[in-house]
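J.: Per TrEMBL, the feature transmembrane segment maps to 43-66, 72-92, 123-142, 180-198, 210-232, 259-279.
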Amino acid sequence: MPTKEHELNSDASSSVIINEHVNEPHPHRMFSYFDHRYRMRHYFAEFFGTALLIFFGTSVNATVTFNPGFAPAKWVIITLGWGFGLGNALFVSMGNSGGHLNPAVTISGAIFGKFPWRKVPGYVLAQILGAFFGSALTFGVFRAKFNEFDGGSRQTKGPQATAGIFATYPDPANSVWDSFFTELLLTCILVFVIQGFFDDKMTPAKGFGPIAVGLLVLSIGISAGTTTGYAINPARDFGPRLFTLAAGWGAKPFQVDRYYFWNPIVAPIVGGILGHFLYEFFIVPNKD
């Protein structure tokens with residue numbers, strides 16, 4: 001993520017370009033309200049990055065739900081869609097906002113002094129709103145298929161349930177604490193490995209960070225994701241769940257499975273903090 005010094009240097013270089021080419025507007029000033037857009041750029045990147053992630057992910061969920069022919073390879077298709085979708089979303093956002101797209105990443109980064117607390121509320125809000133918007137895009141694309149599948153009666157459980165296209169729901173065999181532990185552990189692994197990807201003193205994924213993170217999420221999903229749907233991201237679950245509340249599913253998505261909705265909010269945040277701590281404490285770089 002750009003530092004304050006980097007931002008100042010960027011401003012200075014922009015001024016030089018404009019002064020040297022008086023008759024040629026700077027490409028970033030092609031539209032009005034540049035200063036306002038510049039101040040909000042990180043939040044815009046988080047919003048659209050998260051929206052893309054959720055659009056790709058929930059769209060692949062819809063595709064396998066509405067096309068029974070995909071059933072034999074359903075989980076492989078889903079994990080590929082989410083993994084590659086995240087990679088694409090990070091290419092849009094990582095160079096600008098840092099590509100958090102996940103409150104667990106944002107909050108754990110702030111706790112360990114790698115991200116300013118003053119930006120946390122804006123980042124988290126942008127992520128949740130982006131997830132809601134991405135869900136709305138998916139619903140718009142597949143609206144006719146939803147109506148064909150359930151006759152317009154939106155269901156959360158049962159053979160014609162479609163709420164799972166958007167939010168995550170645990171395996172019926174799970175207890176509340178089984179699911180909590182799984183989400184905590186998977187998010188812990190996510191944040192732990194991400195620290196290694198972007199640690200300059202170790203083996204950073206320079207130049208291919210988005211691909212590396214996408215493959216990490218693919219690995220998590222294909223190995224252990226079936227037990228909870230691997231939210232591993234409070235915004236990824238809460239934003240789409242809010243959309244189902246507003247789009248005809250009612251309050252059921254918040255009530256089923258013993259009010260499970262809080263689990264993919266709290267567990268990933270705790271897991272993210274734990275993953276960050278474990279990396280900082282145990283992965284000690286060699287002395288120069």
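Glycine is treated like the rest: Cβ placed from N, Cα and C.
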J.: When you scan the chain for residues with a C-beta under 8 Å from the transmembrane segment (123-142), skipping those not six or more beyond its ends, what do you find?
T.: 42-44, 46-55, 58-59, 62, 66, 97, 100-103, 106-107, 165-166, 234-236, 238-240, 242-244, 247
J.: Which one of these stretches, 72-92, 180-198, 259-279, has the most C-beta pairs shorter than 8 Å to the transmembrane segment (210-232)?
T.: 72-92
J.: Six or more residues beyond either end and a Cβ under 8 Å away: which residues meet both conditions relative to the transmembrane segment (180-198)?
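T.: Distant contacts of the transmembrane segment (180-198): 104-105, 108, 174, 204-205, 209, 212-213, 216-217, 220, 224-225, 227-228, 230-233, 263-264, 266-272, 274-276, 278-280, 283.
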